[in-house]
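The structure under discussion appears below in the form of structure tokens.
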Amino acid sequence: MWSSFSEWFWQERFWLPPNNTWAALEDRDGLVYAHPRDMLAALPLALALVVMRFVFERFVGLPLSRLLGVRDQARRLVKPNATLEKYFLTEGWKPKEPQMALLAAQCGLTLQQTQRWFRRRRNQDRPCLTKKFCEASWRFGFYLCSFFGGLSVLYHESWLWTPAMCWDDYPNQPLKPALYYWYLLELSFYISLLITLPFDVKRKDFKEQVAHHFVTIFLIVFSYSSNLLRIGSLVLLLHDASDYLLEAGKMFNYTHWRKVCDTLFIIFSLVFFYTRLVLFPTQILYTTYYESIAKWSPFFGYYFFNSLLLLLQLLHVFWSCLILRMIYSFVKKGRMEKDVRSDVEESDSSDGEAAPEPRPLKNGAAHRPGPAPADGPRSRLAGRLANGHAPAT
């Protein structure tokens, strides 16, 4: 059954333009072509990257975070409470006020104590700044090396400057070793990101990130198997051009170097909009939709590949909207605010907590609103007034 499925799956009409066969892409006369089986090497390499990442974060990222002054916020541990813990794990992190009041009654706590318990419990599951910094530093290192490595591979290639040349003599285009190793490294990295998803910081665009990783993996595998390496390499290079700037901005955000963070955010936004909203649709999508079929008729691979690219462009638009929200906040407030995708750690005085009842003083007088007086003559004077003494004149 497996042999029958493999024979059906690898039909030329799915992967190659009409009147082309796999036999024509066999290595010959010193020329090497892309073969789908070559991509199997990405699996052990992805596992190696996972190991390298944990070593990097432990021995490079963590010391670097301390050197740059990244400090984790002190968190108060919650008191064990089986009822609240069960609700937290099974029903949700943020109960509505009626349910909160019911839980408070069941546990013999006040509403304020129950709200505080849930806030502290949520904070316990939130990743600390050090973890965020280590993850960002690993991705920054990879994207930086990948972008400039890919640029060095493609710089002297004609299709980098004229995307229409991606289709010259397609699919009979020999594979260069440097392009293969770069392609293999990119595929391995995105597979490693999927492997480490359960351990990574989860942001509000988690589902979009997972979709992006799967789309990227499918694009890399399909473009390699169909010998669409030229246009695939351009897609990879365009994405890496802004990714390392984003990770660098995150790193400086965690170190609270505001001016550097703001500058990097502006540069990243400009590069992102230009590469993802200008170059990608006008150069990549245009050539794959129109120029690619100038010499042969559309086939299954044409529709499949372009569908993945279109889905990728929709994700670009989604993230562009998030960036625009951050730019609006930046212009309005004059400084970079938090990442809109991030989950913010809550303090014990977060909004939404029931206001504490005023505490009576020892003589029964109500405590007046306002800041408590500091220790000193003013505080002693306030104490005498509270006990009915008049100030001396």
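The backbone N, Cα and C atoms fix where each Cβ goes, glycine too.
Look at TrEMBL and you will find 86-129 tagged as DNA-binding region. Each residue in the DNA-binding region (86-129) has a pLDDT score, and their mean in this model is 80.
The domain 'Homeobox' annotation in TrEMBL covers 84-128.
Feature annotation from TrEMBL assigns domain 'TLC' to 131-332.
The feature region 'Disordered' is assigned by TrEMBL to 341-393.
Annotation comment: TrEMBL describes 39-56 (among others) as transmembrane segment. Tertiary neighbourhood of the transmembrane segment (39-56): same-chain residues 137-138, 141, 184-185, 187-189, 191-192, 195-196, 220-221, 224-225, selected by CB-CB distance under 8 Å and a gap of 6+ residues from either end.
Look at TrEMBL and you will find 140-160 (among others) tagged as transmembrane segment.
TrEMBL lists 180-199 (among others) with the feature transmembrane segment.
Annotation source TrEMBL lists transmembrane segment at 260-280 (among others).
Non-local neighbours of the transmembrane segment (300-328) in the same chain are 13-17, 205, 208, 211-212, 215-216, 218-219, 222-223, 226, 228, 235, 265, 269, 272-273, 276-277, 280-281, 284-285, 288-289, 292-293, 336-337, 339-341; each lies 6+ residues outside the stretch with a CB under 8 Å from one of its CB atoms. Feature annotation from TrEMBL assigns transmembrane segment to 300-328 (among others).
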Quiz item: Could you give the number of helix, strand and coil residues in the DNA-binding region (86-129) as assigned by DSSP?
Solution: 32 helix, 0 strand, 12 coil
